[in-house]
Ligand SMILES: NC(=O)c1ccc[n+]([C@@H]2O[C@H](COP(=O)([O-])OP(=O)(O)OC[C@H]3O[C@@H](n4cnc5c(N)ncnc54)[C@H](O)[C@@H]3O)[C@@H](O)[C@H]2O)c1
Ligand SMILES: CC(C)(O)[C@@H](O)C(=O)O
Ligand SMILES: [Mg+2]
Ligand SMILES: [Mg+2]
């Protein structure tokens with residue numbers, strides 16, 4: 001493991017330079033890896049592993065859109081694509097990539113498909129950590145491991161194709177075979193991780209639930225809407241409000257932050273923007289501290305899990321979700337966004 005100084009704290013991480021793809025292939029050469037679930041993460045991980053030369057089969061409920069997508073991606077029914085339980089039985093590594101609520105629903109049946117020495121792999125600590133709510137308690141005679149890409153399954157695939165990667169965390173919850181760690185690292189490399197950093201199942205799920213509810217999506221959506229509404233309230237046009245809130249962020253500034261960091265961004269805008277942004281950053285930081293404290297507590301005490309499972313297991317889940325998303329899509333702000341996106345030179349006339 002390479003020792004890297006992260007801002008003064010030294011951590012051990014794994015890169016594909018030290019744990020090479022060749023080594024990953026060697027570790028996995030006798031394994032059959034079943035990716036259960038072909039939704040968002042399933043395709044990214046399955047296709048990257050297949051392209052990296054490891055033996056992958058897919059397990060998916062028959063007949064739906066995800067099954068058809070797996071077929072379109074070259075998985076062959078009866079050869080490399082099977083119903084869930086059949087795939088799980090054929091495999092030595094079971095990548096449990098159903099939706100988290102789906103994992104709970106299917107667990108009593110998937111559990112029966114595990115054999116001694118198999119590896120049960122997750123990309124989230126959710127099922128195992130909140131076992132009192134999920135009922136997911138793996139048998140003692142399997143490895144229980146995790147590689148969790150810190151990005152969407154969509155970019156797990158597109159970054160792989162463009163030669164970059166998505167960083168992943170890894171953890172071993174249970175080492176039955178004595179090979180759990182090397183299996184985890186090999187899988188982490190095979191799915192195309194940029195680098196792998198160690199965590200625990202608990203820390204993975206606490207940080208992941210916080211991040212997606214916080215800065216990555218929930219907080220971001222909330223503050224963007226607040227600024228858009230503020231500008232509209234003061235008479236700015238939708239085009240101006242959207243450009244000043246979202247389009248400039250996604251098309252310009254956040255790309256520069258990705259390349260160079262926030263200090264560089266502060267140093268490379270106008271001195272006017274620089275002074276104001278440096279002054280206002282701590283005010284925004286302090287304003288959201290209580291909300292973040294509430295969020296972390298709700299993650300830690302299982303409240304977020306309860307709500308997720310209740311909503312996502314409801315029979316009318318899809319209709320309710322679609323109505324919620326339609327309301328956002330139909331709002332002035334995001335309709336303005338669609339108009340702005342259509343005006344990007346590369347999108348004109350499409
Ligand atoms: N979406 C992401 O980009 C992402 C990123 C990192 C980690 N994860 C984790 O990876 C795992 C998979 O997430 P996802 O977003 O790809 O899932 P998803 O919501 O796309 O669902 C995956 C598949 O689960 C199947 N499914 C759902 N409920 C089912 C049920 N009751 N019975 C049978 N099949 C069912 C669906 O057919 C679907 O193809 C989760 O643990 C998630 O937290 C996801
Ligand atoms: C892609 C995310 C938000 O990082 C993931 O955690 C998810 O649950 O979809
Ligand atoms: Mg998540
Ligand atoms: Mg995440």
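Using the three backbone atoms N, Cα and C, a Cβ is placed for every residue, glycine included.
As written in TrEMBL, here are the features:
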- 10-203: domain 'KARI N-terminal Rossmann' (DOMAIN)
- 200-347: domain 'KARI C-terminal knotted' (DOMAIN)
- 208, 212: Mg(2+) 1 binding site (BINDING)
- 208, 244, 248: Mg(2+) 2 binding site (BINDING)
- 270: substrate binding site (BINDING)
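Features per TrEMBL, on structure.
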residue : record                 : contacts (Cβ under 8 Å, 6+ apart)
208     : Mg(2+) 1 binding site  : 124, 125, 148
212     : Mg(2+) 1 binding site  : 218
244     : Mg(2+) 2 binding site  : 227, 231, 236
248     : Mg(2+) 2 binding site  : none
270     : substrate binding site : none
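When DSSP labels each residue, the domain 'KARI C-terminal knotted' (200-347) comes out as 125 helix, 0 strand, 23 coil, counted as helix, strand and coil in that order. Filtering 244, 248, 270 by Cβ distance to ligand 2 (under 6 A) retains none of these binding-site residues.
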